[in-house]
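**Q** Checked TrEMBL, it gives:
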- 65-269: domain 'ABC transmembrane type-1' (DOMAIN)
- 352-551: domain 'ABC transmembrane type-1' (DOMAIN)
- 12-36: transmembrane segment (TRANSMEM)
- 69-89: transmembrane segment (TRANSMEM)
- 101-123: transmembrane segment (TRANSMEM)
- 143-169: transmembrane segment (TRANSMEM)
- 190-212: transmembrane segment (TRANSMEM)
- 254-276: transmembrane segment (TRANSMEM)
- 297-318: transmembrane segment (TRANSMEM)
- 358-378: transmembrane segment (TRANSMEM)
- 390-410: transmembrane segment (TRANSMEM)
- 422-442: transmembrane segment (TRANSMEM)
- 483-506: transmembrane segment (TRANSMEM)
- 526-551: transmembrane segment (TRANSMEM)
Amino acid sequence: MRALFKQGDRLGWLMLALLVVLILLPLAAVVVQVLLPGVFFGRFAFGDLSLLLDIFKRPLWFASLKNSLMLGVGTTVLATLLGGALAAIRARWAFAGARLLDIAVWLLLVTPSFILAQGWVMFASADGLAASWLGWNWLHGLVFQPAGLIAVMTLSKFPLAYLAVHGALAWKASRLGDAARMSGASPWTAWRTIEAPLLLPAIASGAMLVFVDTVGDFGLPASIATVFRFPTLPYSIYSALYTSPIRFDMAGALSFYLVLLIVLAMLVQMLALRKARFDFLSSRAVKNEPRRPRRGGWLLATGNALFLAAALGIPLGANALMSFTGSADAGGMTLAHYKALFNENGTLLTGLLHSLEIAAAAAVFALLIGFLVAYVLTYSQFKFRRTIDAISLVSLAVPGIVLGIGYIFIWNQSWLEHIGLLLYGTPWILALAGVAGAIPVVTRMITGAMAQVPGQLLAAAQMQGAGFALRLRTILAPLTKGALLSAALTAFGSSVFDLAISSILYPPNYMTLPVVINKAFEDLKFGYAAAATLTGAGLVIIIILALELIVRPARRSERKTAA
C-alpha cells in the first residue's frame with residue numbers, strides 16, 4: 001500500500017499541474033488583466049483601477065450589474081422555494097404522474113438554457129405562437145419585463161434546488177417530529193420548527209447552485225436580445241469582445257465582478273451554516289417512502305400536469321411547432337426549415353460536424369484526466385489532494401464566459417507561436433475549454449464509483465508484479481465501466497451545446513452548432529433555429545443511445561460469464 005501511495009504522489013503532481021494550466025491559470029489571468037491590462041499582449045503597465053469603479057458610472061455596465069443581481073436574487077428565492085416545495089411534495093406523497101416530474105427535472109437540467117429561452121421567445125413574443133394561435137397579445141408584456149424573466153429563469157433553474165432538497169429527504173428521523181407532537185405541536189408547527197430547519201444545508205446548497213448558474217447564464221440574455229433589451233454581466237462581457245476596438249480590459253473588469261458575485265454567494269452559504277449541527281440520522285432513521293394521500297390526490301396530479309406543461313411543454317413545444325411551420329401564424333405545416341438545413345449553402349452540417357468533433361475530443365481528454373484525478377483523490381495520500389479537489393470544482397462554479405476570457409488571455413500570446421502552442425483561433429482551444437468545463441462533473445461521477453473499489457485489490461495486483469497502467473486497465477477501469485461511460489457521455493453531450501464557450505472562442509470561419517443556432521435566432525429565423533435545435537439534439541441523443549447499446553451487450557455477457 002505504501003508503494004501505491006508513493007505512485008499516487010507522482011501522479012498527484014502531474015494532475016495538479018494539468019489542473020493549474022487548464023483551470024487556475026485562465027481564471028487568474030482574468031484578475032491579472034484587471035490589475036495589469038495589456039500584460040498578456042506585451043504591455044507592462046499598472047492598470048488604472050478606476051476602471052473597476054466605472055461600473056457605477058457607465059450606464060450599460062451598471063445596468064448589467066443591476067440586472068444580474070436582480071435576476072440572480074429573484075430567481076434564487078423563487079426557484080429555491082419552488083424546488084423545495086416540489087421536492088417536499090414528491091417525497092411525501094405518491095400521485096399519478098409523479099415520475100413525470102422526476103423526468104422533467106432531468107430534462108430541464110440537461111437542456112441548454114439558450115434553447116429553453118428561445119422556446120419562450122417563440123411562444124411569448126409579440127408575433128409568437130401565443131399571440132397568433134391563442135390571441136394572447138398581453139403575454140408579451142407580461143413575460144418580457146424583469147419580473148417575467150425571473151419567472152422564466154425560475155422555471156428552468158428550479159431543478160437544482162429540487163434535486164438538492166429531494167436528496168436530503170431520502171431519510172427521515174420521525175422520532176423528532178413525534179416528540180414535538182407529543183408535546184402539543186401541530187403537524188405544521190412540527191414541520192416548520194423541526195423538519196424544515198434540518199434541511200437548511202440542502203436548501204442553502206440548492207440556493208447557491210441556482211444563484212451561481214443564474215448570474216453566469218449567457219443563454220437567456222443572448223436569446224431574448226432579439227425582442228427585449230436586458231443586458232447582464234455575461235452578455236456585456238461578450239459585447240466587449242465583439243465591438244471595435246476589442247476591449248479586453250473592459251471584459252476583464254466585468255468578469256471580475258461576475259466572479260465576485262459568485263464568491264460572495266459561497267461566503268453567504270458558509271456563514272449560514274457555520275457553528276450549527278444538522279446531523280440527525282441514527283439507527284432509528286427510516287427510508288422515506290411516499291404514500292398516497294387520503295384525499296385530494298387528483299389535485300396533486302392536475303397541478304403537476306399543468307406545471308409541467310408550462311415549465312417543459314411551452315419551451316420545447318414551441319421549438320417543435322416553429323420547426324414545422326412557416327411562421328408563428330396558424331399556417332400549414334411544412335418541412336421547409338428541415339430542407340434548408342441540408343442545402344448546399346446550409347451551415348448546419350458543418351457546424352454540427354465541428355461540434356461533434358470538439359465534443360468527442362473534449363470527452364476523451366476529460367475522461368482520461370478525470371479518471372486519473374479521481375484515482376489521486378481516492379487512493380493516494382498526496383498532500384495537495386484537497387487543493388486538487390478544490391481546483392477541479394472551481395470551473396463548475398465559474399461561468400463559461402469567464403473561463404473563455406481567461407483562455408483568450410493565456411493562449412493568445414505571440415511567444416506561443418514559436419513553440420507551436422498558439423491555440424487561440426484554432427479548434428483546439430474549444431476542445432481545451434470543453435475539457436476544463438467537463439472535468440468537475442467527470443471527476444465527481446468517477447470518484448463515486450471508485451470509492452466502492454477497495455485499494456487492497458490494486459495493492460495485491462502490484463505485489464504480483466502488475467504495473468500502474470496494467471492495474472488501471474485490467475482492474476479499476478472494468479470495475480468502474482458504468483461510471484466511465486456515463487461520465488464520457490455527459491461530457492460529450494454538454495460540450496456539444498456549450499454556447500458561452502463557443503461564442504467566445506470559435507475561430508473565424510469555423511462555425512459550431514450553438515453558434516449556428518444562435519445566429520439564426522438573432523436573424524429572426526425562428527423556424528430554422530428550431531429545426532436546427534431539434535436536429536442537433538436528436539442526433540446527439542441517437543449517438544449517446546447507440547454508445548450505450550454497444551456497451552450493454554458486453555456488460556450482459558460479463559454477468560452471464562460470472563454467473
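Cβ atoms are placed via backbone N, Cα and C, with glycine included.
Any TrEMBL annotation is an automated prediction that lacks curation.
Buried or exposed, and what's around them? Tell me for each listed feature.
**A** Same-chain neighbours of the transmembrane segment (12-36): 44-47, 49, 51-52, 248-249, 252-253, 255-256, 259, 369, 372-373, 376, 380, 382, 384-385, 387-388, 391-392, 394-395, 398, 402-403, 405-407, 409-410, 432, 435-436, 439, counting only residues six or more beyond its ends whose CB sits under 8 Å from a CB of the stretch.
Here the transmembrane segment (69-89) has long-range neighbours at 101, 146-147, 149-151, 153-154, 157-166, 169, 199, 203, 206-207, 210-211, 214-215, 220, 232, 261, 300, meaning same-chain residues at least 6 beyond its ends whose C-beta is under 8 angstroms from one of its own.
Using a Cβ-Cβ cut-off under 8 Å and counting only residues 6 or more beyond its ends in the same chain, the transmembrane segment (101-123) has close neighbours at 86, 90, 129-130, 139, 143, 152, 155-156, 158-160, 162-163, 217-220, 222-224, 226-227, 304, 308, 311-312, 314-319, 321-322, 328, 493-494, 497-499, 514, 517-518, 521, 526, 529-530, 533, 537.
Only residues 6 or more beyond the boundaries of the transmembrane segment (143-169), in the same chain, are considered here, and those with a CB under 8 A from a CB of the stretch are 67, 70-71, 74-75, 78-80, 82-84, 86-88, 90-91, 105-106, 108-109, 113, 116-117, 120, 124-125, 199, 201-203, 205-207, 209-210, 213-214, 217, 220, 224, 227-228, 230, 288, 310-311, 315.
Residues 8, 11-12, 14-15, 18-19, 22, 385, 388-389, 392, 427, 430-431, 434-435, 437-439, 442-443, 445-447, 450-451, 455, 472, 476-477, 484, 487-489, 491-493, 495-496, 512 of the same chain, all 6+ positions outside the transmembrane segment (358-378), place their C-beta atoms under 8 angstroms from a C-beta of that stretch.
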**Q** Taking a Cβ cut-off under 8 Å, which residues six or more beyond the ends of the transmembrane segment (297-318) line up next to it in the same chain?
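**A** 89, 93, 95-98, 100-101, 104, 107-108, 111, 115-120, 122-123, 128-129, 155-156, 158, 530.
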**Q** Counting Cβ pairs closer than 8 Å, which of 390-410, 483-506, 526-551 has the most of them with the transmembrane segment (422-442)?
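**A** The stretch with the most close Cβ contacts to the transmembrane segment (422-442) is 483-506.
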